[in-house]
Amino acid sequence: MKKLYDQYERLHDYVRISITDRCNLRCVYCMPKEGLPFFPTDRVLSQDEIVQLITNFAQLGVHKVRITGGEPLLRTDVVDIVRRIKEIDGIEDVSITTNGLFLAKKAKALKEAGLDRLNISLDTFKPEVYKEITRGGNINQVLDGIATASALHFKKIKLNIVLIRGQNDDELLDFINYTKDHDVNVRFIEFMPIGNSLEEWKQEYVALDSVFDLCKQAGLDYHPIDLAGNGPSDNYQVEGYTGSFGLIHPISSKFCENCNRLRITADGYIKACLYWNEEINVRKLIYDFDAFKAGVQRALDNKPLNHEMAMKTTDRIIDKAPTWRHMSQIGG
């Protein structure tokens, strides 16, 4: 089996595939408040195209798949997509990133279809702040979804928290203490300038350095732990707590040297790097395996060693222009 390596000898065995650009929220770090019309239905990958894409990737050594959006649970066929992907020979792990609003209704069917893991976006515990960040969301639906999913015993549930200055950076300890009685991995993620102006990003960016200081001030004894997989999160557990917390810092501490992932947009383009404008249309190649393989390899051959979110060493400010797609159009 030919496996997927880039020019820096990084093995790529993980695909993140967006199955829709549509979302029922407009989170401030993902979409603009207005505009950004959704793709017409025929521009979005069909269920059969998604399954064929992943089948091709499995023949190239990919064994891990994450389904993203937009909001993937908006697709009425999402359970069938999960089931069919999980049935592909070579695919060992299937997960979904969701805002959780429909999770209470769909978690059981997803588990029965073979879904292994869940990442749920929850940027705050405060209802009004949640409504502000998401531009209208109801946090109680998310909390119900988390409770439902927890009772079903997925392999792992992770909560994604994008830190935004002045909005949720005062809740760090609340999230860490949530792991005392909840078997989840809370992940703090640095706000990235994707689809945002650099000036706006500069005002809202929060580095993760303060997490350890807050833990020490609160008298929390924490230690590093290893979680399954080779993702970008540095993980820790407070002594005596059930769950854990992780730090994902794409800005202040790059993890590019171990990158093993490829992204497929909802309209069928491959992005070898989240913050890299180059894209290759692989949708038109999916039923010609040799052409597909060549297209994927071409994307890998052009993959940069590091992303373009390069920091100036003096003032920690990005000095590169952001990618042209918004996050909802790439796949979170």
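Backbone N, Cα and C atoms are what each Cβ position is placed from, and that goes for glycine too.
Lifted from Swiss-Prot, the feature list:
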- ARG16, ARG66, THR97, LYS158, ARG261, LEU262, ARG263: GTP binding site (BINDING)
- CYS23, CYS27, CYS30: [4Fe-4S] cluster 1 binding site (BINDING)
- TYR29, GLY70, SER121, MET192: S-adenosyl-L-methionine binding site (BINDING)
- CYS256, CYS259, CYS273: [4Fe-4S] cluster 2 binding site (BINDING)
- 7-221: domain 'Radical SAM core' (DOMAIN)
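This view paints the features noted in Swiss-Prot onto the structure.
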residue: ARG16; record: GTP binding site; DSSP (3 states): strand
residue: CYS23; record: [4Fe-4S] cluster 1 binding site; DSSP (3 states): coil
residue: CYS30; record: [4Fe-4S] cluster 1 binding site; DSSP (3 states): coil
residue: ARG66; record: GTP binding site; DSSP (3 states): strand
residue: THR97; record: GTP binding site; DSSP (3 states): strand
residue: LYS158; record: GTP binding site; DSSP (3 states): strand
residue: CYS256; record: [4Fe-4S] cluster 2 binding site; DSSP (3 states): helix
residue: ARG261; record: GTP binding site; DSSP (3 states): strand
Rounded inter-Cα distance in Å - ARG16 (GTP binding site), CYS30 ([4Fe-4S] cluster 1 binding site): 17
Just the number: how many Å between the Cα atoms of CYS23 ([4Fe-4S] cluster 1 binding site) and GLY70 (S-adenosyl-L-methionine binding site)? 5
CB contacts for ARG261 (GTP binding site) [other CB atoms within 10 A, all chains]: 20
Considering Cα atoms only, can you say which of CYS30, GLY70, SER121 is the nearest neighbour of ARG263 (GTP binding site) among these binding-site residues? GLY70
If we count other C-beta atoms within 10 Å, could you say which of the binding-site residues CYS27, CYS30, CYS259 has the fewest? CYS27
Among ARG66, GLY70, THR97, LYS158, which are recorded as binding-site residues, the nearest neighbour of CYS273 ([4Fe-4S] cluster 2 binding site) by Cα: ARG66
Tell me the Cα distance separating LEU262 (GTP binding site) from TYR29 (S-adenosyl-L-methionine binding site), rounded to the nearest angstrom. 21
